[in-house]
Amino acid sequence: MTRPIEVRKVPIEHVSDAAGLADLIDAGVFSADDVIAVVGKTEGNGGVNDYTRIISTHAYRAVLEEKGTRSKEEVAQVPLVWSGGTDGVISPHATIFAYAPEGRYLPTDEPRVTVGYAMSEVLLPEDIGRPAMVEKVAAGVRVAMERAGITDPADVHYVQTKTPLLVQDTINDAERRGETVYTHNTLESMDVSNATTALGIAVALGEIEMPTAEQIFHDLSLYSSVASCSSGVELDQAQIVVVGNARGVGGRFRVGHSIMKDALDMDGVWAAIRDAGLDDMPVDCIHPRHIKGRLVNLFLKCEADPTGRVRGRRNIMLDDSDVAWHRQIKACVGGVVAAVSGDPMNFVSVAAVHQGPSGGGPVIAIVDLEA
């Protein structure tokens, strides 16, 4: 049986700031050795050449090494999943998942947060966008579920991943070995990597059957309702963090999910918050005061609707040559979500093909039932 989990959100006040993590460790909220995973937003451009993710990784790993007993190699295995780009009001921050100190919480038959993590097999450049990547990710998700003590996929509410994308060096490497890659457009490869990973999650959880090569990044009817996939240049495997609920674990946190049907779907956000356990709010709740400080964080994926319209109204995000649609839709959804939560420190990430319905995306909420 896994141990009870602490989930805490801390601000990032500058690009190399890890003081929030250090303060929690110093305060005895959890030990450095018990940190399982970190999911956060960094303030870079969110693109291929966003190195703020690497800076945050170094800063957080340094704290874990300094304040814990794990070796550098062991700390390197802790998933640190950073999504770059804090467009609009989105505020840089980190959500930290850690085992609670022994004896702090008693076991309970009520569902409480449990976390498992895994690293996939190495993802080769030629795997990205193809069935091999789907299979490798699916296998990793199953390992993470087992480590979380989850046997029923219905108890999984959030799967956060970080996977490699393509850069010119890895494209050249594949071609030197006689292999081909899905795309030579490195920015597009971010979307492709995320999309393929999401299908691996969906396969592992039984949401879909194994897709064909032709369906990857094309058949938008295939998606996972709990996948949140990011990609970057800093790794060559899939980092996989599975968050769900389990009975008998204990603790004070619970996770739930829903979907946003489009970029303006506040009801989808409220549905996720209620699904996580805050079901005492009015059905027509439209104000953050009803949350009463019990929401730890929201995690969302978003995508510009490929039709170029939202609720029938035309927009030009996909035609804008000055500001990439990635940044525009992220800022839009970040504002919508902040209006619901009353807090701009939400995890909002873009490139959401196969993550929720086309033009929408998954919404995951983690709540503190004792706040």
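Residue numbers in this text run from 1 along the chain shown.
Glycine too: its Cβ is placed from the backbone N, Cα and C atoms.
Straight from Swiss-Prot, the features:
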type: REGION; residues: 1-104; note: region 'RU A'
type: BINDING; residues: R53, S83, G84, N194, S230, S231, K330, S349, V350; note: substrate binding site
type: ACT_SITE; residues: S230; note: active site, nucleophile
type: REGION; residues: 253-371; note: region 'RU C'
type: BINDING; residues: E303, A352, Q355, G356, P357, G360; note: Mg(2+) binding site
type: SITE; residues: H326; note: site 'Important for substrate specificity'
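On the structure: features taken from Swiss-Prot.
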residue : record                 : Cβ contacts under 8 Å, 6 or more apart
R53     : substrate binding site : T42, G44, W82, S83, G84, G232, E234
S230    : substrate binding site : V81, W82, S83, Q160, T161, K162, T163, N194, S349, A351
E303    : Mg(2+) binding site    : I329, V350, A351, A352, V353, Q355, G356, S358, G359, G360, G361
K330    : substrate binding site : G46, G85, D87, G88, I90, C302, V348, S349, V350
P357    : Mg(2+) binding site    : L220, Y223, I259, K261
Substrate binding residues R53, S83, G84, N194, S230, S231, K330, S349, V350: largest Cα-Cα distance, in Å and rounded to whole number: 17
Three-state secondary structure, V350 (substrate binding site) (per DSSP): strand
Listed in sequence order, residues with CB under 8 A of H326 (site 'Important for substrate specificity') and six or more positions away: G46, G47, G85, V350, A351
G84, G356, G360 as binding-site residues, winner by CB count within 10 A: G356
Counts by DSSP class (helix H/G/I, strand E/B, coil) across the region 'RU C' (253-371): 34 helix, 33 strand, 52 coil
Cβ within 8 Å of the mean position of the Cβ atoms of R53, S83, G84, N194, S230, S231, K330, S349, V350: remaining residues of the chain near substrate: G46, G85, M190, G232, A351
Three-state composition of the region 'RU A' (1-104), taking helix and strand from DSSP: 31 helix, 27 strand, 46 coil
Other C-beta atoms that fall within 10 angstroms of the C-beta of A352 (Mg(2+) binding site): 29
8 Å Cβ shell about E303, A352, Q355, G356, P357, G360 centroid, Mg(2+) site members excluded: Y223, I259, M260, K301, C302, V353, H354, S358, G359, G361, P362
Taken over the region 'RU C' (253-371), the model's mean pLDDT: 96
Reduced DSSP assignment, S230 (substrate binding site): strand
